[in-house]
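Pulled from TrEMBL:
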- Gly33, Ala35, Val36, Asn40, Ser251, Asn283, Leu400, Ser404: Na(+) binding site (BINDING)
- 25-42: transmembrane segment (TRANSMEM)
- 86-116: transmembrane segment (TRANSMEM)
- 170-191: transmembrane segment (TRANSMEM)
- 240-265: transmembrane segment (TRANSMEM)
- 277-300: transmembrane segment (TRANSMEM)
- 366-383: transmembrane segment (TRANSMEM)
- 389-409: transmembrane segment (TRANSMEM)
- 430-449: transmembrane segment (TRANSMEM)
- 461-484: transmembrane segment (TRANSMEM)
- 505-527: transmembrane segment (TRANSMEM)
- 554-579: transmembrane segment (TRANSMEM)
Amino acid sequence: MAQALGPDSLRDHREGGRPKWDNKFQYFLSCLGFAVGLGNVWRFPYLCQTHGGGKPVAAPVPRPVPGWEVPLQEIRQRGRGGADTAVSAGLGCLVASFLISLYYNTILTWVLWYLLNSFQQPLPWSSCPTDLNRTGFVEECQGSGAVSYFWYRQTLNIAADIKDSGSIQWWLLVCSAACWAIVYMCIIRGIETTGKVSRRALTPTQLPPASRTPVRVRCVPASYGLPDSFQMQTLQNPRVWLDAATQIFFSLSLAFGGHIAFASYNPPRNNCKRDAVAVALVNSVTSLYASITVFSVLGFKATNDHGQCLDRNVLSLINEFDLPEQSISRDSYLAALAHLNTTQPERVARLSLKTCRLEDFLDKSVAGPGLAFIIFTEAIVHMPGAPTWAILFFGMLFALGLSSMFGNMESVIAPLLDVGVMPRWVPKEALTGLVCLVSFLLASCFTLQSGNYWLEIFDNFAASLNLIILAFLEVVGVVYVYGMKRFCDDIAWMTGRRPGLYWRVSWALASPLLLLTIFVAYIAFLAQKPPSYRAWNPQHERFPEWQEKRYPGWVLAACALLSLLPTLCILVAALAQLLARHTRRRRPRDALPNADTDRDTDTR
């Protein structure tokens, strides 16, 4: 079992019926599409903006984890039975990937809904709808804005409390069915179909996203965030390192099981080191280029909002002091305000003038769906040819999310096929369809009026904590259970070279310590503040601000279950393996007396 596979073994492996990648580029694009997802567009730029422009980029977080996850399945192909100890966390990865796929495809549902609504002129989120009497605009829209109203009311129809589940929104249910149907058609035959889709349809999404930036978008001022990006004082903040490490971890889609599943279709002798480094580098470069686009759009929106703020103040001054129209411009506003404050301060004080600073609008950072469905959509409204840019933007998001779904579903379907949960006469297409159907039915809970709140729960509790635990178990299993020497021997057999000192130190010390630090810090941050959620309540006295609410007890129990479910599955699987081994060891002992008795009987 511990010996290298010879030519005969390799031939038997290829003839065993397991599919193979058509070419190396197909495998690379599939891994890249799985790693490069929606987080590169709306989480990485948010962290950069939060910490002043570039601190998460400056934090040199080690990235050795893909180096052991990519070759792990290839080692199993070689026949090294001890590697199964490290892959025993595969059941936890399967459960975690299944839970993540449920809400990740819901985000694709929202993207598809916006994409379909982008084929209109004007865009439906560009203005408020009229009320029932057609004498004015809807009050909720006037208070929150057209973009927020379209998102929270016309798309989600969100409830004011998580306890109010509400009804299923049929338009979201139809879009969800369409998304799962598209996913099924793309993964119906495994890598035979996903590889072709990744190569032919998803290649444009891996091009620099900056090429999609409108030419007339005003970029963020160069002085914002760049000069202070590499100040050591900021790097001394532990939260910067935590955010940087967490971003790299989730951006590479580690511990999902997708990279392991994709690598299982490679030949046993494969340069896994080159694959891991290439995917990590291209993923980081894509994040940087995505930041250029995001900062450009945010800069355009901030400039536009700043101008509108100045226009409202200018109009108030003109009306109060009966000045000629266009007598005060945006550029001369501060000088005119200073002059009026000096000559007639009492009248100026009576005006409700707002402070209009461009930096304040630039500092309004937001991540997740709020960035895509509120900030970006509002910026697109003010761009020339808005529907065209909306179609390009949401088309790009849909392609990015779809490529990530391939890896998520492969993490679920490949283990089910390998362990033989279905009889061999059942075709793979039927198992894939069954998984997609069950996923669609379970994900229908996100189309309820409280679905957005539950999606946040899944994102916070089913993904983050579980993936950190699974990655820690994987690296500990590889290094300390399977053995560093055996692992390095396997990589030398596959690549022709043993891993250097950097890789060995990273696997043995840096990766476990980093993951353990992230886990402890994550628990500490959760303990500082009880879990709560922000509700969209038009009856709130500070509306359109969010209303902070505490989760009820039964929701907290659901949060705890989501956080522990993959880990519990691992423990149950480990106990089952121990019982099976104990039973196999006892059977020969039980058989010995019977054999002796039979021998005595024959003698007599």
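Cβ coordinates come from backbone N, Cα and C, glycine included.
Mapped onto this structure are the features recorded in TrEMBL.
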residue : record             : contacts (Cβ under 8 Å, 6+ apart)
Ala35   : Na(+) binding site : Ser251, Leu252, Ser253, Val279, Asn283
Asn40   : Na(+) binding site : Ser251, Asn283, Thr286, Ser287, Ala290, Leu400
Ser404  : Na(+) binding site : Gly33, Phe34, Val36, Gly37, Leu38, Tyr104, Ser253
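Sitting within 8 Å of the Cβ centre of Gly33, Ala35, Val36, Asn40, Ser251, Asn283, Leu400, Ser404, and not among those site residues for Na(+), are the Cβ atoms of Leu32, Phe34, Gly37, Gly39, Ser253, Thr286, Ser403. In this chain, the transmembrane segment (366-383) lies close to the transmembrane segment (86-116): three or more C-beta pairs between them fall below 8 angstroms, excluding pairs fewer than 6 positions apart. Of the candidate ranges 170-191, 240-265, 277-300, 389-409, 389-409 has the most C-beta pairs within less than 8 angstroms of the transmembrane segment (86-116). Counting neighbouring Cβ atoms within 10 Å of each of the binding-site residues (Ser251, Asn283), the lowest count belongs to Ser251. Segment contact holds for the transmembrane segment (461-484) and the transmembrane segment (240-265), given three or more CB pairs below 8 angstroms at sequence separation of 6 or more.
Listed as Cβ neighbours of the transmembrane segment (554-579) (distance under 8 Å, sequence separation of 6 or more from its ends, same chain) are residues 88-89, 91-96, 99, 162, 457-458, 460-462, 465-466, 469-470, 473, 531.
Comparison of 170-191, 240-265, 277-300 by number of C-beta pairs under 8 angstroms to the transmembrane segment (505-527) places 240-265 first.
Its own atom aside, the Cβ of Val36 (Na(+) binding site) has 28 Cβ atoms within 10 angstroms in the protein chains shown. With pairs at least 6 apart in sequence, the transmembrane segment (25-42) and the transmembrane segment (430-449) have fewer than 3 Cβ pairs within the 8 Å limit; the two do not touch.
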